[in-house]
Amino acid sequence: MPPATGGGLAESELRPRRGRCGPQAARAAGRDVAAEAVARSPKRPAWGSRRFEAVGWWALLALVTLLSFATRFHRLDEPPHICWDETHFGKMGSYYINRTFFFDVHPPLGKMLIGLAGYLSGYDGTFLFQKPGDKYEHHSYMGMRGFCAFLGSWLVPFAYLTVLDLSKSLSAALLTAALLTFDTGCLTLSQYILLDPILMFFIMAAMLSMVKYNSCADRPFSAPWWFWLSLTGVSLAGALGVKFVGLFIILQVGLNTIADLWYLFGDLSLSLVTVGKHLTARVLCLIVLPLALYTATFAVHFMVLSKSGPGDGFFSSAFQARLSGNNLHNASIPEHLAYGSVITVKNLRMAIGYLHSHRHLYPEGIGARQQQVTTYLHKDYNNLWIIKKHNTNSDPLDPSFPVEFVRHGDIIRLEHKETSRNLHSHYHEAPMTRKHYQVTGYGINGTGDSNDFWRIEVVNRKFGNRIKVLRSRIRFIHLVTGCVLGSSGKVLPKWGWEQLEVTCTPYLKETLNSIWNVEDHINPKLPNISLDVLQPSFPEILLESHMVMIRGNSGLKPKDNEFTSKPWHWPINYQGLRFSGVNDTDFRVYLLGNPVVWWLNLLSIALYLLSGSIIAVAMQRGARLPAEVAGLSQVLLRGGGQVLLGWTLHYFPFFLMGRVLYFHHYFPAMLFSSMLTGILWDTLLRLCAWGLASWPLARGIHVAGILSLLLGTAYSFYLFHPLAYGMVGPLAQDPQSPMAGLRWLDSWDF
């Protein structure tokens with residue numbers, strides 16, 4: 001077995017020797033421990049020369065890296081058609097190549113890297129990525145798949161090095177590497193154009209870097225210490241820049257940093273100036289550096305996506321004015337709203353659209369049978385309204401009348417330009433939202449009643465202020481009922497042309513549903529200005545993009561025929577995801593974890609909680625443990641505790657989320673549970689060997705146990721590998737299927 005054993009570690013020995021970091025520290029700790037163990041017990045084997053140890057360490061690292069790359073790149077070109085979410089992220093890569101603006105609920109880094117990989121590998125961005133099953137034909141897709149597989153391949157060596165540093169045991173690291181190499185789920189996710197391998201790459205890079213800079217704690221401010229601390233910050237920025245799930249690894253690094261600083265603060269051998277330097281270094285590398293890099297990804301994102309595209313409508317009018325090809329780009333319109341102006345009014349909530357009306361009436365039994373008022377996502381003449389004073393029908397555009405600007409607090413009337421009916425509300429209930437009032441178009445040629453009067457208010461402004469196009473955020477308060485004009489976002493039935501419901505809500509709290517801005521503005525009596533002067537600043541568009549992403553994330557709903565899942569399903573491998581194909585004639589790929597690996601991980605979590613609790617209670621009660629048992633216990637509690645914390649932080653928050661969830665959300669947590677399995681079983685087997693030291697075969701318990709786990713994991717991969725690499729022919733329930741007998745749960749659908 002490898003020399004870095006993890007056995008006999010006293011508490012002080014968990015810290016690497018001065019002047020050594022990373023693999024050097026791991027090997028050195030292993031040699032010192034091995035020497036001490038041999039002195040205590042003549043039955044313990046010697047592990048060979050230092051040169052053999054170094055060669056063995058590098059050979060194992062090379063082996064697990066080679067196996068990881070080989071499994072991830074094997075049959076990477078199959079199937080030659082779109083699989084699962086490649087339709088989204090491949091399309092977004094095309095948008096970057098074409099510089100077309102789009103909207104997504106995730107930060108941009110992952111998609112930018114996919115687009116860059118496609119561009120560098122010769123993909124021209126012309127494939128449509130319309131739906132799963134569409135063949136790539138002559139389009140170059142292998143560069144994007146290869147990039148994702150490349151990053152996914154590094155998960156195994158990263159986990160290997162992390163466990164080696166935490167446990168000082170090559171066998172624990174090797175077992176962890178085998179679990180991830182032979183997991184069909186991790187393999188499947190790594191072979192397609194997806195964000196998951198990119199996200200997991202940065203998560204594992206952050207975890208490894210954090211563990212490495214911890215191991216250099218006896219050489220603070222040295223070059224290796226700065227390198228690993230800075231690399232931790234870079235990796236945190238990468239994880240957050242791909243998905244907001246990166247917040248969980250940020251939390252883990254933050255908790256580790258707080259504990260580290262607390263320990264340093266209590267070290268009376270350090271001056272407060274030195275503690276301050278430690279604090280400053282961590283602020284710079286773990287806060288300032290990640291924030292700067294994260295912000296830079298958005299700067300590049302906005303710079304590259306400069307053309308109008310399918311994402312325009314999710315953003316404010318001022319944001320859209322930045323995009324070439326948008327009707328607001330380089331446009332010139334009057335800056336301040338005046339009576340007589342023809343305007344369009346856009347709701348600030350994502351994907352709600354413009355205030356709209358048409359000649360169709362509400363049907364019988366749906367409030368008053370008056371003209372429908374809705375919101376509509378697209379540009380249309382029926383979005384045009386004329387703003388008038390509430391108490392006069394005179395034409396404000398008459399040259400004899402002076403220009404009068406609309407101000408915050410004015411009482412106004414909105415007349416629909418195409419039908420000459422006024423925006424109107426009353427105490428009739430809205431068509432779809434209970435306790436909200438109906439909004440209609442009412443009157444003839446602009447003549448109606450007092451239910452047509454609205455007070456216009458600018459959010460967070462004083463009375464008398466003028467109203468700016470694009471920039472002013474306004475609300476319309478109904479004068480008679482006191483309700484606020486808004487859109488519920490609910491889709492009307494076919495009688496409403498499946499447009500969105502407009503209501504007047506009696507709840508006056510400011511929400512995006514009830515806040516609007518003026519977009520188009522026509523008034524021949526006013527001078528035009530270029531909208532360039534009204535474009536938002538970078539901090540404003542950065543903030544807006546995050547608000548839109550957060551709202552989009554929370555509002556995600558499952559698509560038709562889509563397999564969603566619950567968090568409790570995930571650790572037990574309850575149900576997978578179809579990546580490709582359904583019928584026996586299709587090329588089928590099914591995302592499912594290797595059940596042997598996943599159920600072993602689940603058992604390991606339970607065993608860790610039990611054994612860790614027993615050890616912690618014994619140590620707290622002052623039990624005198626033999627040196628080797630004490631050292632192994634420290635490895636289990638400290639190293640295992642680190643990865644258990646990672647599993648907890650990457651798993652349990654999903655129970656609190658209201659959005660739709662999918663099986664693949666568990667895979668970052670699965671990486672941590674696999675590392676815990678490696679540390680736990682290596683430690684337990686060593687403890688068993690120590691406890692049975694008087695038995696002649698005790699020396700082989702650890703070796704036999706690790707080999708059994710390695711061989712069992714490899715054999716299970718042999719059985720289940722068609723799930724990842726693809727299968728054609730009878731389904732698993734057919735006795736003729738190569739997967740017959742392997743459908744161990746009825747919920748597995750392959």
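Quick reminder: no glycine exception, Cβ is built from N, Cα and C everywhere.
So that you can see what the record holds, here are the features copied from Swiss-Prot:
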DOMAIN    403-459  domain 'MIR 2'
DOMAIN    464-521  domain 'MIR 3'
REGION    1-23  region 'Disordered'
TRANSMEM  54-74  transmembrane segment
TRANSMEM  100-120  transmembrane segment
TRANSMEM  146-166  transmembrane segment
TRANSMEM  191-211  transmembrane segment
TRANSMEM  231-251  transmembrane segment
TRANSMEM  283-303  transmembrane segment
TRANSMEM  596-616  transmembrane segment
TRANSMEM  643-663  transmembrane segment
TRANSMEM  665-685  transmembrane segment
TRANSMEM  700-720  transmembrane segment
So what's near the transmembrane segment (191-211) in sequence-distant terms, Cβ-Cβ under 8 Å and 6+ beyond its ends?
72, 76, 83-86, 89-90, 93, 106, 109-111, 113-114, 141, 144-145, 148-149, 151-152, 154-155, 158-159, 161-162, 165-166, 228-229, 231-232, 235-236, 238-239, 241-243, 245-246, 249, 252-253, 256, 579, 642, 646, 650, 664, 667-668, 671, 724
Do the transmembrane segment (700-720) and the transmembrane segment (146-166) share at least 3 Cβ pairs under 8 Å, sequence separation 6 or more?
no
Positions on the same chain near the transmembrane segment (283-303), where near means CB under 8 A and six or more residues out:
107-109, 112, 226, 229-230, 232-234, 236-238, 240-241, 250, 253-254, 257, 322, 538, 541-542, 545
For the domain 'MIR 2' (403-459), mean pLDDT (0 to 100):
93
Pull the DSSP breakdown for the domain 'MIR 2' (403-459) and write it out as helix, strand, coil residue counts.
3 helix, 29 strand, 25 coil
Per DSSP, what is the helix/strand/coil residue tally across the domain 'MIR 3' (464-521)?
6 helix, 27 strand, 25 coil
Most CB pairs under 8 Å with the transmembrane segment (54-74): which of 100-120, 146-166, 596-616, 665-685?
146-166
Within-chain partners of the transmembrane segment (146-166) [C-beta distance under 8 Å, separation at least 6 from its ends]:
4, 22-23, 25-26, 60-61, 64-65, 67-69, 72-73, 76, 113-114, 117, 121, 172-174, 176-177, 180-181, 186, 189-194, 197-198, 200-201, 204-205, 207-208, 211-212, 215, 635, 638-640, 642-643, 671, 674-675, 678-679
State the non-local partners of the transmembrane segment (100-120) in its own chain: residues 6+ outside its ends, Cβ under 8 Å from one of its Cβ atoms.
88-90, 92-94, 140-141, 143-144, 146-148, 193, 195, 198-199, 238, 240-244, 294, 297-298, 300-301, 304-312, 314-315, 323, 548-549, 552-553, 556
